[in-house]
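Taken from Swiss-Prot as is:
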- 1-22: signal peptide (SIGNAL)
- Asn39: N-linked glycosylation site (CARBOHYD)
- 58-88: region 'Disordered' (REGION)
- Cys93-Cys108: disulfide bond (DISULFID)
- Cys100-Cys114: disulfide bond (DISULFID)
- Cys107-Cys125: disulfide bond (DISULFID)
- Cys111-Cys132: disulfide bond (DISULFID)
- Cys116-Cys123: disulfide bond (DISULFID)
Amino acid sequence: MDVTRLLLATLLVFLCFFTAYSHLPPEEKLRDDRSLRSNSSVNLLDFPSVSIVALNKKSKQMSRKEAEKKRSSKKEASMKKVARPRTPLSAPCVATRDSCKPPAPACCDPCASCQCRFFRSACSCRVLSLNC
């Protein structure tokens, strides 16, 4: 009886190894450098060569001036985009992504609905379908 258990255990171990190794991809053995070069997916000739160019003082100053102009234009653009205060909604409703925990009024957007999480401790108005 011990012999049959030993054979069954050996068979079980063999089957485990066989199933584990059957799912692994076969390894390709490269014999030399030539096969490595031919099998490599990245070819070094595909990349463009890099050229290093020395900058003179005039080009550095021009680039600094251009950078300052860009910075000043960005500052002016940001000053133009002053945040306007939101006007309060006349109807008693909850805006999208705001808290709608009951007994709050309904959501303002007709496509939105109040969704609660964490045992109704965090509720917010969310739009469920974009086709609405």
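Using the three backbone atoms N, Cα and C, a Cβ is placed for every residue, glycine included.
Remember, it's a predicted structure, so these values are computed and weren't measured experimentally.
Recorded residues Cys100 (disulfide bond) and Cys123 (disulfide bond) have their alpha carbons 5 Å apart, per Cα-Cα distance. Note on Cys100 (disulfide bond): other Cβ atoms within 10 Å of its Cβ, all shown chains, come to 22. Note on proximity: among Cys114, Cys116, Cys123, the disulfide-bonded residues of the record, the Cα nearest Cys107 (disulfide bond) is that of Cys114. Spacing of Cys123 (disulfide bond) relative to Cys93 (disulfide bond) is 14 Å (Cα to Cα, whole number). Relative to Cys116 (disulfide bond), the disulfide-bonded residues with Cα atoms inside 10 Å are Cys125, the candidates having been Cys93, Cys108, Cys125, Cys132. Around Cys132 (disulfide bond), the same-chain residues at least 6 positions away in sequence with a Cβ under 8 Å from its Cβ are Pro110, Cys111.
A separation of roughly 4 Å, to the nearest angstrom, links the Cα atoms of Cys125 (disulfide bond) and Cys114 (disulfide bond). In terms of local Cβ density within 10 Å, Cys125 ranks first among the disulfide-bonded residues Cys93, Cys111, Cys114, Cys123, Cys125. When the alpha carbons of Cys108 (disulfide bond) and Cys114 (disulfide bond) are compared, the span between them is 11 angstrom.
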